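Listed in TrEMBL:
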{"type": "DOMAIN", "residues": "7-408", "note": "domain 'Enolpyruvate transferase'"}
{"type": "BINDING", "residues": "Lys22, Asn23", "note": "phosphoenolpyruvate binding site"}
{"type": "BINDING", "residues": "Arg94, Arg123, Pro124, Val125, Asp126, Leu127, Asp307, Ile329", "note": "UDP-N-acetyl-alpha-D-glucosamine binding site"}
{"type": "ACT_SITE", "residues": "Cys118", "note": "active site, proton donor"}
{"type": "MOD_RES", "residues": "Cys118", "note": "2-(S-cysteinyl)pyruvic acid O-phosphothioketal"}
Amino acid sequence: MAKYVIREGVPLKGKVRVDGAKNSVLPIMAASLLGESESIIEEVPDLYDVKMMCELIRSLGAEVETQPGNNSISFYAKNITNSTAPYELVNKLRASFLIMGPMLAKTGYVRVALPGGCAIGSRPVDLHLKGFTALGAEITQGHGYIEARRIKKLTGNKIYLDFPSVGATENILMAAVLAEGQTSIENAAIEPEIVDLANYLNEMGACIKGAGTDTIRIMGVDRLQGCTHTIIPDRIEAGTFMVAAAITNGDVEIQNVVPDHLKPIIAKLKETGLEISEELTSIRIKGNGPLKPVDVKTLPYPGFPTDMQAQMTSLLSCSQGTSIVTETIFENRFMHVSELKRMGASIKIDGRTAVIEGKQCLTGATVKATDLRAGAALVLAGLAADGATEIGEIQHIDRGYCKLDQKLKALGAKIERVEE
């Protein structure tokens with residue numbers, strides 16, 4: 001096991017480059033199962049979750065080859081030999097459930113253990129299964145596994161999502177590209193990662209229109225071929241570095257970003273008093289004295305992302321005044337709060353709302369990451385704290401941030417990764 005040790009807080013200064021988006025690369029890797037020839041994915045982040053997805057796809061019989069030197073992975077999935085995603089792999093990676101759509105469409109049968117991943121609420125898969133059923137699949141569940149099968153080719157249908165779930169939109173989209181006729185997904189998620197997946201599938205030969213709007217239309221095709229595709233930048237990693245600059249009163253230029261994907265984060269950080277300037281593919285964050293309190297409410301895109309809620313909670317703990325953070329996407333996503341309190345934060349939880357009484361300075365303490373974004377929030381708090389902070393169980397952080405300590409150190413942070 002490893003931990004991060006942050007000696008003291010100092011203003012961060014310099015430039016940092018964001019990697020490809022974790023929440024984009026995982027569904028695109030799953031979609032590679034649909035191709036009849038080789039696909040090459042570029043700008044792939046070196047993450048634990050990516051390694052687990054590679055292992056899962058290999059277990060199905062596909063050929064997977066990584067090219068660490070240029071951050072690319074190639075997939076050849078013409079000959080699938082296995083249709084079961086075992087608990088041993090699925091328990092390590094919730095995104096493994098995304099193989100259901102492509103496997104159902106391509107082979108006609110898939111068996112997947114119930115998902116694992118971050119412990120931040122139930123995150124049910126009911127919407128995925130309702131979508132598969134609407135396309136003509138037969139779903140059975142038992143002994144910790146879900147099975148989906150089709151007797152004949154899936155048939156296009158009109159599908160309405162009760163909630164604009166990103167995962168359900170992705171899974172249904174991947175199943176529908178090889179279905180007979182037209183499928184429409186209404187109340188679909190509109191996140192940039194959905195658009196990236198649709199672009200990839202279209203490059204493979206799919207016929208998808210409307211990605212990025214709340215209605216996606218898919219005209220099924222007979223087969224898909226491989227292609228070469230570059231993953232979009234990770235807006236959550238970008239947002240995390242924006243908060244790192246803010247919480248340390250620093251001056252940081254964040255490169256390889258799409259500013260349009262960051263509008264809600266930029267808006268809230270500007271409310272705190274930060275100076276923010278945007279270029280075509282970069283953003284500069286400059287501290288401007290004491291932080292002002294703001295209210296934040298998580299919402300589906302283009303609202304404020306739930307994956308930035310924990311980081312924003314850390315920032316507002318260092319503001320001057322009272323802030324209110326409301327989490328509307330997931331229940332049980334305030335697990336970082338008890339650890340922040342160990343560092344002196346004044347936060348009260350009432351259901352899905354956190355009331356934060358900002359303080360000038362947090363104090364270093366020994367804390368532990370309970371999930372990916374909670375871990376990032378604790379790192380941010382440590383960067384601003386008076387005294388040393390030790391953050392344990394950082395394997396959660398490794399799931400979504402590539403070389404986080406090295407990138408922060410290059411900006412001047414006094415952080416070390418200690419293997420135990």
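Start at 1 and count along the chain as shown; that gives each residue its number.
Quick reminder: no glycine exception, Cβ is built from N, Cα and C everywhere.
Automatic, uncurated: that is what TrEMBL annotation is.
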Helix, strand or coil at Val125 (UDP-N-acetyl-alpha-D-glucosamine binding site) [DSSP, three-state]: coil
Sparsest Cβ surroundings (other CB atoms within 10 Å) among the binding-site residues Lys22, Arg94: Arg94
Chain-internal residues near Ile329 (UDP-N-acetyl-alpha-D-glucosamine binding site), provided their CB is under 8 angstroms and they sit 6+ positions away: Thr298, Leu299, Pro300, Thr306
Which listed residue (Asp126, Asp307) has most other Cβ within 10 Å, given these are binding-site residues: Asp307
Cα-Cα distance linking Leu127 (UDP-N-acetyl-alpha-D-glucosamine binding site) and Asn23 (phosphoenolpyruvate binding site), given in Å to the nearest integer: 19
Cβ neighbours within the same chain of Val125 (UDP-N-acetyl-alpha-D-glucosamine binding site) - under 8 Å, at least six residues apart: Phe97, Leu114, Pro115, Ile146, Gly167, Ala168
Asn23 (phosphoenolpyruvate binding site): tally of other CB atoms within 10 A of its CB: 24
